[in-house]
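S.K.: Quick paste of what TrEMBL says about this protein:
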DOMAIN    A:59-177  domain 'ABC3 transporter permease C-terminal'
TRANSMEM  A:20-41  transmembrane segment
TRANSMEM  A:53-74  transmembrane segment
TRANSMEM  A:110-134  transmembrane segment
TRANSMEM  A:146-175  transmembrane segment
TRANSMEM  A:196-218  transmembrane segment
TRANSMEM  A:224-250  transmembrane segment
TRANSMEM  A:283-303  transmembrane segment
TRANSMEM  A:505-530  transmembrane segment
TRANSMEM  A:564-586  transmembrane segment
TRANSMEM  A:598-616  transmembrane segment
Amino acid sequence: MTFRQFAINNVIRNKRLYAAYFLSSLFTVMVFFTFAIFAFHPAFFDGSIRGEILYGMTIAGGVIYVFSFFFVLYSMSSFLQSRKKEFGLLMMQGMSTRQIRLMVFMENMLIGFFATLGGILFGLVFAKAILLFAENVLIIDESLHFYFPLMAIIVTFVSFIILFLFISLFVSFILRTRKLVDLIKADKQSKGEPKASIALAIIAVVLLASGYATALYVKGPLVVMAMLPVIVVVVIGTYLLFTQLSVYVIRQLKERKGVFWRKTNMVLFSDLSFRMKDNARTFFMVAIISTVAFSAIGSLYGFQSFFMRGIDEANPFSFEYTSSADAKEEDMQKEVRFIEKALDKHEIKGDSSVIDKTYFSQNDGEVMITSETSYNRFADLLGENRVRIDDDEAVVITDSSKVMAPGSKVDRLMDSPVKLRDGTTIKPDRMLDEHVLPEMYSYYVISDTMYEKLPEPASVETTRVWAADEGQEDALVQAGEEIFDVIGGYNFAAIDYTIYQVNKVYGPILFIGLFIGIVFFVSAGSFLYFRLYTDLNQDKEKFRMIAKMGLTNKELKKVINRQTALLFFAPIVVALVHGAVALTALSHMFDYTLINESAMVLGTFTVIQIIYFLIVRHFYTKQIRRAVY
Amino acid sequence: MLEVKNVSKVYEGKVTYRALSNIDLEIEKGDFVAIMGPSGSGKTTLLNMVATIDEPTTGEVLIEAKNPHTLNQNDLAKFRRRELGFVFQEFNLLHTLTVEENMVLPLTLDGKRVKEMKQRANAIAEKLGIAEIMSKRTHEISGGQAQRAAIARAMIHQPKLLLADEPTGNLDSKASKDVMSMLETLNKKEETTMMLVTHDPQAASYADRVVFIRDGKFYSEIHRGESRQTFFQSIIDTLSLMGGDDSDFSSIRD
């Protein structure tokens, strides 16, 4: 047996021990590779995709690569931790430190090589699925057909062999073998209870509270300025929360015999306080990574809904054609005829209507005033509520939310009365939040009789609208594109086509964001998994011992359940709170409520985490029970 | 109080191994019985059977005329922590707990009141002379102290039967003597029934009766008379008789 054979057999005949580390490396390679399959798709290189998106994807690939590096490094070091005793045994047989390093290096290269191959193979299996998924999220004209991703394979293989080479070198150099006796007794050593200082615990609370308060308090553009300091403060606060405050709280709980000495609490808490030193770092990392994932996905999703809502509200109709006062009558006729023809061609059914939008000067600007009849005609067209207006009242219809002007017109309109020709005025008495007329800013609606008594309008625009029936989106997009190409976007708006175009640009960003968010989230889960399994042997030993004294199945389950639940949910709950605060701050920046979007994103992650928890708990309990009974 | 009736244990596997065959043993209330035998003789298997950690293949174990092996897993766990006390060679104290907390662990699992637990812990610590180390952690105390703490844990719920598996195996001779005489005192004063499995003739000599088994079979049994010293001598004699084959003896005579 040569030394190389020894190192290789050591891995191959010990599959179970290496499985967790191997699988996590394989997973990392797979993630990178699926992303590469997508990024190197030939459809992106024929020039139809914009340069910024390719740039964005390169950055995203880089982020995933750097992240993979740290992820593999972390899994490797936690894996080596659990092998101290083995190293001790080998050294006792006379293995030199250099040989141990060589062995670790060879083992790692072996695992790395097969993880890279395996990751690429698995990635190929999922390639079609990821391409289908990407096709649906992205709006791409040509479909992303399956192809043999030679380029992606080469890039992934080379990058990860380099990655594993560096990590193997790095780890084998920093591998501290220390004293032989420490290694052999590694699992018998008591790590000692971590200490917590009250001052630092208080600082943790203060930092978190002030960070949150600032994030929730600032509004508008101030949010951007406050962002960096708040992030720094909250990150430090989170670190102290796990390393100091939690230890302090657990110690306080241990002092209270009424709580600590109750049933299985003693087994649970004592372990918790001892593992807190190791746990704290994992918790901190998982909390921060998850927060990044939540906030990134939440804000991308929030932005999308924000834009879409704005577009929807500003354009209640499928098509709008506006002509300015100085346009020639015949041009207008020609263009309207063209639009009608395009609609016929695509067999789009719907109603159309015309309105003369009359603008009157008021204060320094112009504001639209319209009659009850005109308003109701359009309300009928859209199936919205009609209004009833008496002669002595005026209704203000508010801005669409797309208008982000500070101190928007609404307030001014409510305060200033509508002036009639004979000098009398009507005071507005109601405000409605409706999106009926094709007008972005707020306007007045008054009764028909009063409308007759208005002075000459300052300007008039004629707008023709078409409201298509539901369920013809594809035809609307095509018709919109045709008309748009001929008439242009100056006085023509086709809402479905606009949304289509926005999605086309936004889709890839959303996809990349989602992808990275999910990678972060999943790896946060893996960190927790590693943490749990590093302690598996200790736990087996402990429960075996208590079970000899008499521990019922139910009690065992209860302890494991709480122990795992704390591990899985403590960092995630913190991340959820962080994420919720971050998304609230974001919504303050735009003055647009993101409650539904945040609830959906955070809710989805919570559900995934719960499912993940249930699965891991099932297997962990099974392992412990097998060892105990 | 304890009856082991015709118990056999067979481990199925690639090679079927018969660890115990047709063992009979009876222990009266207040008895202190030591089980001795060479390595692999099946003494720990027997103890595990009585401790309900392992199940006999045939035969039955009765504790106070009840067969605990018919209980389901949960009731069995409760039975163990209420009726039995355990002392192990490697102490088996949880290193994350203090001595006092380790002692009250069986009681907390049973949901006893804190005041009662404190009281019992203090009373027993006083008796075993570990009152000063109650708040120490397990790595801060000596082996003898750790084993005394483990005995305190095994005794705190006043079990019907105390089972000890090589309690002196990890201790020096002074600590061994301390621990054994403490067990003897507990047996005499509290009338706790005790079953001890050991290699160590010195430790076995504290018992009232020593049962020898070899290769899973009953070999012989000796009772203690007045003097512990003579009892120790006869244990040694039995061991040397049991230890070798007949040819060994002839070679000594040569």
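Glycine too: its Cβ is placed from the backbone N, Cα and C atoms.
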S.K.: Quick check for me: are there 3+ Cβ pairs below 8 Å between the transmembrane segment (A:598-616) and the transmembrane segment (A:110-134), leaving out pairs under 6 residues apart?
M.R.: no
S.K.: Mean pLDDT, the domain 'ABC3 transporter permease C-terminal' (A:59-177)?
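M.R.: Across the residues of the domain 'ABC3 transporter permease C-terminal' (A:59-177) the model's pLDDT averages 81 on the 0 to 100 scale.
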S.K.: Under 8 angstroms for C-beta pairs, at least 3 of them, ignoring pairs fewer than 6 apart in sequence. Is the transmembrane segment (A:146-175) in contact with the transmembrane segment (A:20-41) by that rule?
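M.R.: Yes, these stretches are in contact.
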S.K.: Under 8 Å between C-beta atoms and at least six residues away from its ends: which parts of the chain pack against the transmembrane segment (A:110-134)?
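M.R.: Distant contacts of the transmembrane segment (A:110-134): 7-8, 11, 18, 21-22, 25-30, 32-34, 37-38, 41, 144-146, 149, 153, 156-157, 160-161, 163-165, 167-168, 511.
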S.K.: What is the number of residues in the domain 'ABC3 transporter permease C-terminal' (A:59-177) that are helix, strand and coil, as DSSP sees it?
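M.R.: Per-class counts: 98 helix, 0 strand, 21 coil.
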